[in-house]
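Trainee: Before I ask anything, let me first share the structure, which is written out below as structure tokens.
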Amino acid sequence: MSLWIEDERWKRTHYAGAVRKCDVGQEVVLFGWVSNYRDHGGCLFVDLRDREGIVQLVFAPQCRGYGDSPKEAYAAAQALRNEWVIGIRGLVVERGATRNPRLPTGDIEVQVIAVTVLNKAAPLPFEIGDSASVHEDKRLQYRYLDLRRPSLQESLRKRHQVYQITRRYLDQQGFLELETPILAKYTPGGARNFLVPSRMHPGKFFSLAESPQLFKQLFMVAGLDRYFQIVKCFRDEDLRLDRQPEFTQIDLEMSFVHQRDIFSLVEGYLFALWKEVLGINLSQWYPTGHFPQLSFSDSMNRYGNDKPDLRFELEHIDMTALMVELGGGGIPLFKGIAACFQNGSYRLELPAEIIKMIKIPSKFASKFSRSDLDKLEGYAKGMGATGLGRVKIDEGGTWAQSPFAKQIEPEARDAIHRLVDGYPGDILLFQAGKTSMVHTVMANLRIEIARKIGLIPDKGSGGRFEFIWIVNPPLFEYSEEEKRWVAAHHAFTQPHEDYLHLLDKDPGKVLSYRYDLVLNGYEIGGGSIRIHDSELQRKVFAVLGIKEEEAQEKFGFLLNAFRYGAPPHGGIALGMDRLVMLLTEGESLRDVLPFPKTQKGSDLMSSAPTAVSPRQLKEFSIKSTEPTG
């Protein structure tokens with residue numbers, strides 16, 4: 001049994017990893033974990049680890065060149081094992097010729113005078129250390145041990161640093177840090193929610209807030225002008241490496257602002273963040289202090305998605321109009337699509353099907369064998385494509401043998417060369433079909449090709465940080481499944497004034513004052529200028545098929561608030577977890593969260609979620625449909 005007894009002789013003086021050369025000659029009291037243990041014949045060396053790092057301890061009663069340690073300390077040290085929790089008193093001495101330049105504490109060591117064992121450790125399920133290769137499930141099961149790894153502790157330290165910088169910056173900008181409810185009203189639509197049954201209101205449920213959206217708008221109605229919150233949000237969605245069911249966001253809302261005001265505020269914040277956390281001055285890439293902007297439509301056309309990685313080019317080339325003009329150029333699939341445009345079934349301004357190409361320049365073509373191109377085609381098929389058209393331009397300007405080479409008309413081939421500025425050795429990859437499928441396939445192929453030819457690293461930033469604002473996406477999307485218009489983001493985004501006249505007659509063409517901030521292909525934030533007029537809000541609800549009675553039932557409190565003088569307002573939410581992941585070069589959000597969930601949404605450490613007893617279910621007026629036992 002180990003007791004923690006108050007004793008002034010054992011009051012910590014330093015963190016183990018913080019002892020330095022300036023402390024030589026001082027007696028110190030340190031606590032931590034045994035990280036390594038070495039017996040050098042009469043000299044015992046122990047690496048003591050705490051959150052600040054490692055320092056070498058010496059137990060040396062008979063070791064030449066070292067002052068004697070008391071026999072009791074030496075005897076106790078012989079029993080030590082890795083991950084035992086100990087305290088020591090000792091004298092800081094210089095290491096001289098044996099200094100270790102790889103450690104911040106490498107100039108010194110601590111000659112131990114006394115040691116106390118505070119707790120022993122059972123045999124470990126895996127070795128503690130960044131070099132140990134351990135299956136992620138095992139690491140998550142023993143997350144409290146995994147968190148002892150220096151790299152994870154450094155990630156959490158950076159996370160703390162980001163919190164402090166965020167609060168300081170926003171306080172200086174006049175923001176109030178205010179809280180919003182986590183138990184909120186369930187409003188269908190958007191992300192799938194976690195539901196919380198109410199014991200006091202049988203048959204009724206709260207929803208864990210997927211965002212503070214409506215409450216922060218009400219703060220603006222209340223006249224609080226500038227609000228922020230570092231807030232937990234919850235979404236019951238399928239998970240990816242950059243998604244978690246509970247996540248943290250930096251939530252902002254401001255009154256009397258335009259889009260450019262929000263951009264300037266966020267840009268200033270990120271400049272400060274990169275400078276303080278990484279020591280990087282973003283002005284070397286952005287001398288004006290502002291990030292570039294790209295319209296949603298241009299982003300989709302050039303990159304196939306609304307979160308482009310701009311560290312490399314390989315832009316998509318839209319061949320739809322050219323192939324329509326040429327009647328498909330001899331390619332059967334292209335001819336079918338061209339015919340739909342020519343007979344009026346499709347419109348070029350909002351095409352249901354498109355034809356796109358990516359050109360791999362000749363200087364990179366040698367990196368792609370036939371087998372590599374086959375793999376790209378298999379990758380495309382895995383995303384819903386029926387295949388991947390591909391040709392290589394020969395020295396004479398013809399195409400190497402392929403189905404496309406046999407089918408293409410010479411006039412069309414020459415027109416394609418002019419369109420893409422094609423040269424001998426270039427590889428051309430074609431995809432045609434439903435617009436959404438082509439965009440998805442070509443956007444992902446662009447990333448795969450860039451990795452293959454070394455334009456971006458397999459992980460991390462590669463020392464480059466390419467920010468861009470994606471602006472003015474459509475306000476609505478048409479759901480083929482539901483046969484109706486749905487909100488592209490949420491129903492409270494303000495339509496662009498140039499398109500208000502189309503709200504009733506052509507909603508698909510209405511653009512919005514929504515914006516997303518993208519860094520190296522990751523969306524790190526998104527927001528919008530909000531609707532602040534109850535009549536306009538009702539019009540948007542009408543397009544979405546939300547009748548007045550339903551609108552009052554779901555959002556009546558917001559509509560009523562707008563009747564009492566709501567200011568123009570807008571905001572943004574930045575993903576805290578994703579920001580920290582990018583700042584620390586993490587591979588997934590699980591690298592920067594203390595206690596993450598798996599991709600199946602479970603907690604392997606605590607075994608959550610768990611079943612509850614029939615008695616507990618009865619208290620909430622719930623009956624399980626799952627079999628018991």
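Keep in mind that glycine also has a Cβ here, set from the backbone N, Cα and C atoms.
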Trainee: From the candidates E179, E523, E626, give the one listed by TrEMBL for the same ATP site as R235, D236, E237, Q244, G575, M576, D577, R578.
Mentor: E523
Trainee: Which of these ranges is annotated region 'Aspartate' in TrEMBL: 213-216, 293-296, 449-452?
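Mentor: The range carrying the region 'Aspartate' annotation in TrEMBL is 213-216.
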Trainee: Rounding to the nearest whole angstrom, report the longest C-alpha distance spanning R235, D236, E237, Q244, E523, G575, M576, D577, R578, listed for ATP.
Mentor: 19
Trainee: Rounded to a whole angstrom, what is the C-alpha distance between E237 (ATP binding site) and H40 (site 'Important for tRNA non-discrimination')?
Mentor: 55
Trainee: Give the sequence-ordered list of residues that share a chain with R530 (L-aspartate binding site), lie 6 or more positions from it, and have CB atoms under 8 Å from its CB.
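Mentor: Looking at Cβ-Cβ distances below 8 Å from R530 (L-aspartate binding site), excluding near sequence neighbours, one finds Q217, M220, F492, T493, Q494, H569, G570, G571.
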Trainee: Quick one: mean pLDDT on the region 'Aspartate' (213-216)?
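Mentor: Residues in the region 'Aspartate' (213-216) carry a mean pLDDT of 96 in this prediction.
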Trainee: How many whole Å apart are the CA atoms of H489 (L-aspartate binding site) and E523 (ATP binding site)?
Mentor: 14
Trainee: DSSP on the region 'Disordered' (599-629): how many residues come out helix, how many strand, how many coil?
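Mentor: Secondary-structure composition of the region 'Disordered' (599-629): 6 helix, 2 strand, 23 coil.
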